[in-house]
Amino acid sequence: MAPTTDPAVNELKSTVHKLEQRIAELEGRLSGHGGGSSSAQESVRMILMGPPGAGKGTQAPRIKEKFCACHLATGDMLRAQVAAKTPLGREAKKIMDAGGLVSDEIMVNMIKTELENNQECAKGFILDGFPRTVTQAEKLDGMLEATQKPLQHAVELQIDDQLLVSRITGRLVHPASGRSYHKIFNPPKAPMTDDATGEPLIQRSDDNEETLKKRLSTYHAQTSPVVAYYQKTGIWKPVDASQDPGQVWKSLLKIFDDKAYVAGRSGSLLNKIGLKN
């Protein structure tokens, strides 16, 4: 083998340096420090499951921004329809005023109406808070398949209940958007203030240990059959939500089969082959 000349070494170093710069840029995007959406031409159609405090309010806005999709939190959507006195909202209000539960048909039709009329939904949607039962999941699938927009992913953020207790007791929420923060783990830039709007944050009255344990028990009882349903369809994917938000985001990108995620992993490859100090 011919001896390695200085020009060859310099050329190799230059190539590695360029690769490192590119990798740093991509890793910055993965951490949310890069430019705008890198997937303007992509779309996503998914439901995001997880117990209260698992991080849905942190990750859903990032997914929304990346894919230019709409985030449909069904509880907020129902309240908005009632406040706007839409036909579905009036129908739902009658039921709620009588102490009843809004029917699955009304909820699915509200989602359908939102998908048809909300321009943000043109490139996809993140559905949060629905379905809660297998019957709802079946009705949702029927509607989406009829409109040729079947679900691509059913992602479940998984986390130990005891860790959730410590998370939720310090949770802060921006009521208008649903963005969530934590006094210790994910504090806002300014105390009790939403980073994006500057509006005040609140701490929900039901964010206490006793109430939370009841909510978790209900969540697990409701969600297990729904998870089993989506496991059978092949679109269910778990994510370890005990990780820091940046790592959870990388796990989500892997699920979405994002090219940037694959490229970002090449940094560890350079370490392995000895080309990165």
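All residue numbers here begin at 1 and follow the chain in the order shown.
Using the three backbone atoms N, Cα and C, a Cβ is placed for every residue, glycine included.
Sequence-distant neighbours of Y181 (ATP binding site) (same chain, six or more apart, CB under 8 Å from its CB) are R171, L172, V173, H174, P187, P188, L201, listed in sequence order. Under the heading ATP binding site, Swiss-Prot lists G53, A54, G55, K56, G57, T58, R171, S180, Y181, Q243.
Using a 10 Å radius centred on the Cβ of V102 (AMP binding site) and all shown protein chains, the other Cβ atoms total 19. When secondary structure is read from DSSP and collapsed to three states, V102 (AMP binding site) falls in the coil class. The AMP binding site feature in Swiss-Prot is assigned to T74, R79, G100, L101, V102, G129, F130, P131, R132, Q136, R204, R215.
Taken from Swiss-Prot, the feature region 'NMP' covers 73-102, and the record attributes it to sequence analysis.
Sequence-distant contacts of the region 'LID' (170-207), counting only residues of its own chain at least 6 positions beyond either end whose CB sits under 8 Å from a CB of the stretch, comprise 53, 55, 57-58, 60-61, 71, 73, 76, 215, 244-245. What Swiss-Prot lists as region 'LID' is 170-207, and the listing cites sequence analysis.
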- [ ] Check F130 (AMP binding site) against DSSP and tell me helix, strand or coil, would you?
- [x] coil
Open item on the list: Cβ atoms within 10 Å, counted per site: which of R132, R171, R204 has the most, among these binding-site residues?
Closed with: R171
TODO: Count up the helix, strand and coil residues in the region 'LID' (170-207) according to DSSP, in that order.
DONE: 0 helix, 10 strand, 28 coil
